[in-house]
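Scroll down for the structure; my scribbles are underneath it.
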Amino acid sequence: MNSSNLEKLNCKSSIRDEVVPSRKRVTLPPWLEVAKPRLIPLLLATTLGGMALTEEWPLSSPKLICTLGGGALAAAAAGALNCLWEMELDKRMTRTSKRALPAGKLSSETVFLAAVSCTLAASMLLVSGVNYLAAGLTLLGLFSYVILYTVILKPRTTKNIVFGGVAGAIPPLVGASAATGHVGLSGWWLFGLVMLWTPAHFWALAILLKDDYASVGIPMLPSVKGSVFTAKAISRYGWATVLMSIMGVFALPEGGLLYGIMLLPFNGRLLQLINELKKSPDDLSRAKSLFRWSILYMFGICLLLLISRTQLSVEFEQQSMQIFFSILSLLSN
């Protein structure tokens, strides 16, 4: 291999190291590492988003704590079971070979017992402190991630994240059901938004890791179809995400106007980064930027939903409507 090729490989490796959580930069205890704690905050954020879409928001502190606590425990269990199932695969990938299980820092038995314990604790917390529907949906999310995505879809199809993304889209349903005892159309709206957002978000990361996935035979879209095809697919799902996000104006019980206004820069930035990647699909720095922004985007959507349910937002909407009708009245005279 000549020096030019080596430089290109080193450049790609450097960019991947920047975007993918590095054990060199953040060293977690083995027992915490297998729980995949980096994924949990966004799952809890979308749970809060589901709650904010209901008339019952805000929830009482005990119910809120039980819902988020149960969700965090279930997510930790799902992460541990995922690590357990993919232990042999992780051994074969340079990026993951030093993780707790493949490196022998934890035994399989210990991780399995911890996952079962977290699952039982999550179930008891949600059943006793929230309701059966929230508990059932949480368990559905856990098993869809472990069985549907990890075991069935991930090793078999390039559409793995399209259908497997249902696991990450269930928390809004948990939040809505925790608040009301049922899901409701607004909860399903946020479920749909997360489902559309997930492929664009994950494929941006998969572009960075396509060589890693290809080396172990995992059929991620960029590894099979290439970056150009993937960038076009990201664009389609990105536009669908933007259109779906706008529907939040109508999904909110109140405060939709302020949500719609604050949403504009989020969608504008998302489309800008998607367009930049589409122009240069092999530019790893652009894939990195899109991946990072997509995370902030979903956190931002959930924050906007919470802000829209404040009294300030309601007053803003009322005053805006008064001004609007005053202008109409002046124009008609």
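Note that Cβ sites are derived from N, Cα and C of the backbone, with glycine treated the same way.
Copied over from Swiss-Prot, here are the features:
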- 64-84: transmembrane segment (TRANSMEM)
- 110-130: transmembrane segment (TRANSMEM)
- 133-153: transmembrane segment (TRANSMEM)
- 161-181: transmembrane segment (TRANSMEM)
- 189-209: transmembrane segment (TRANSMEM)
- 246-266: transmembrane segment (TRANSMEM)
- 287-307: transmembrane segment (TRANSMEM)
Chain residues in Cβ proximity to the transmembrane segment (287-307) (below 8 Å; excluding those fewer than six residues from its ends, i.e. six or more beyond): 15, 18-19, 41-42, 45-46, 48-49, 52-53, 190, 193-194, 197, 200-201, 204-205, 207-208, 227, 234, 245, 248, 252, 255, 258-259, 262-263, 266, 269-270, 273-274, 276-277, 313
Same-chain residue ranges lying at least 6 outside the transmembrane segment (189-209) that approach it to Cβ under 8 Å: 15-16, 19-20, 46, 49-50, 53, 95, 161-162, 165-166, 168-173, 176, 220-223, 227, 230-231, 233-234, 237-238, 240-241, 244-245, 247-248, 251, 274, 277, 281, 284, 287-288, 290-291, 294-295, 297-298, 301, 305
Same-chain residues near the transmembrane segment (133-153), Cβ under 8 Å, at least 6 residues beyond its ends: 67, 70-71, 74-75, 77-78, 81-82, 85-86, 119, 122-123, 126-127, 159-161, 163-168, 170-171, 173-174, 177-178, 181-183
Sequence-remote partners of the transmembrane segment (161-181) [C-beta within less than 8 Å, at least six residues beyond its ends]: 43-44, 46-57, 59, 63, 67, 71, 78, 130-131, 133-134, 137-138, 140-142, 144-145, 148-150, 153-154, 187-188, 190-192, 194-195, 198-199, 202-203, 206, 220-221
